[in-house]
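**Student:** Here's the feature list from TrEMBL:
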type: TRANSMEM; residues: 6-25; note: transmembrane segment
type: TRANSMEM; residues: 59-81; note: transmembrane segment
type: TRANSMEM; residues: 115-132; note: transmembrane segment
type: TRANSMEM; residues: 144-164; note: transmembrane segment
type: TRANSMEM; residues: 204-222; note: transmembrane segment
type: TRANSMEM; residues: 229-249; note: transmembrane segment
type: TRANSMEM; residues: 269-287; note: transmembrane segment
type: TRANSMEM; residues: 299-318; note: transmembrane segment
type: TRANSMEM; residues: 382-407; note: transmembrane segment
Ligand code: NDP
């Protein structure tokens with residue numbers, strides 16, 4: 001059943017999320033990244049909505065061509081080029097991997113080749129920038145708003161297709177969730193793991209490829225634009241490229257681990273993931289770089305090093321916490337965490353077909369400090385990206401605000417799900433590890 005609050009939030013997001021993205025990008029394009037000035041202009045009657053709209057670049061054939069080529073190229077890399085990286089990169093887990101057991105008891109196989117796709121894409125990008133010069137490395141920045149329309153078209157098309165597919169030809173009908181509420185089903189998705197053919201998995205492709213591979217390219221395009229406009233790239237732009245680059249590379253290096261995260265294990269594929277991956281992620285996760293094109297901040301060395309340290313510490317906590325859980329789960333607790341055998345709580349749950357399963361919840365390492373310390377590390381890293389932009393405008397801080405809301409909400413959502421899954425065992429766990437994000441505080 002869909003309660004009124006969920007329905008209201010969903011309607012709000014369906015109506016306003018595309019406008020929020022537009023507003024941010026437009027405010028950079030027309031108001032030097034000020035979020036307040038467009039509102040003042042409108043309220044004071046200096047401008048009408050139509051003035052702003054008329055100044056907004058429209059969809060162009062060039063952008064449509066670039067975007068179509070981009071998506072087609074990523075599909076080719078995903079579907080037709082099996083992973084070779086795991087054959088020569090020690091420690092990298094790629095190639096065919098299994099996902100978690102779905103509620104209907106299915107175990108899907110995935111071709112993990114995201115790192116390879118990322119490397120090929122970036123090698124070609126640099127080859128073009130330094131040798132071939134087929135297109136300018138500022139191409140993404142130069143077509144940013146026309147590309148936004150293309151990303152929206154794909155985001156809506158894929159979400160609508162996913163909904164129809166869920167109703168009429170689902171990949172696995174037993175894993176579908178239909179509430180009967182059109183808006184909820186459209187937003188949160190019907191199918192759990194929609195696929196076309198054996199290998200084209202919607203969740204893995206859309207979550208990782210068009211958005212996250214693009215993330216680092218978008219930042220490189222911003223750096224190229226700074227170079228073009230000011231004849232130099234600021235240390236803050238380098239920091240954003242490096243810190244976010246580490247995060248993106250980490251994602252692809254650990255793509256097999258990603259199969260065990262909430263996105264793949266628990267979320268259904270609807271507008272939230274489909275549109276979110278195509279539009280929200282590439283446009284709003286890259287706001288710091290965009291801001292730095294309009295406001296090239298150069299920090300003193302001490303501040304730049306401080307931000308770098310914060311970002312790296314956040315990344316370390318994020319990675320180690322995720323690694324500890326992954327190691328613990330892979331070895332079924334037969335491993336060492338901080339040099340000792342891990343402590344845990346034994347728990348059990350039932351799948352939809354009534355089969356009983358056993359599981360363990362770790363209570364030592366970072367998982368003994370707080371129930372979602374990985375989110376805490378993620379938030380520290382997010383804050384570091386924002387701090388690179390100084391304190392002149394609030395726009396770059398949208399990311400930390402959004403991540404705090406996203407991860408706190410995710411925390412609550414995940415804990416609600418875990419409680420339904422594990423019942424009293426989950427209560428024993430929360431008694432053993434009482435805090436969610438910050439030990440002693442929350
Ligand atoms: P987690 O990796 O924290 O996974 C939560 C799941 O882990 C729970 O549902 C439960 O699943 C299991 N679990 C919970 N507690 C324990 C424990 N003590 N011991 C063992 N297993 C436990 O969450 P996410 O999948 O949301 O996040 C993965 C990473 O991705 C995080 O670091 C997060 O910061 C990041 N992230 C980044 C986003 C971004 O936009 N940048 C968005 C979302 C996430 P089970 O049912 O298996 O028991």
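Just so it is clear, glycine is given a Cβ too, placed from its N, Cα and C backbone atoms.
Since the structure is predicted, the reported quantities are computational estimates derived from the model, not experimental observations.
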**Student:** Can you say which of 6-25, 204-222, 229-249 has the most Cβ pairs under 8 Å with the transmembrane segment (59-81)?
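**Tutor:** Highest pair count goes to 204-222.
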**Student:** Any residues 6+ beyond the ends of the transmembrane segment (115-132) with a Cβ under 8 Å from its own?
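**Tutor:** Counting only partners 6 or more residues beyond its ends, the transmembrane segment (115-132) has Cβ contacts under 8 Å with 73-74, 77-78, 81, 83-85, 89, 92, 94, 209, 213, 216-217, 220, 224, 248-249, 252-253, 255.
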**Student:** Count the Cβ pairs between the transmembrane segment (229-249) and the transmembrane segment (299-318) that lie under 8 angstroms and are 6 or more residues apart in sequence, then report whether there are at least 3.
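**Tutor:** Per Cβ check, the transmembrane segment (229-249) touches the transmembrane segment (299-318).
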**Student:** If contact means at least 3 Cβ pairs within less than 8 Å, sequence distance 6 or more, would you call the transmembrane segment (6-25) and the transmembrane segment (204-222) in contact?
**Tutor:** no
**Student:** Using Cβ distances below 8 Å and needing 3 or more such pairs, separated by at least 6 in sequence, tell me whether the transmembrane segment (144-164) contacts the transmembrane segment (382-407).
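**Tutor:** They do not touch: fewer than three Cβ pairs between the two stretches lie under 8 Å.
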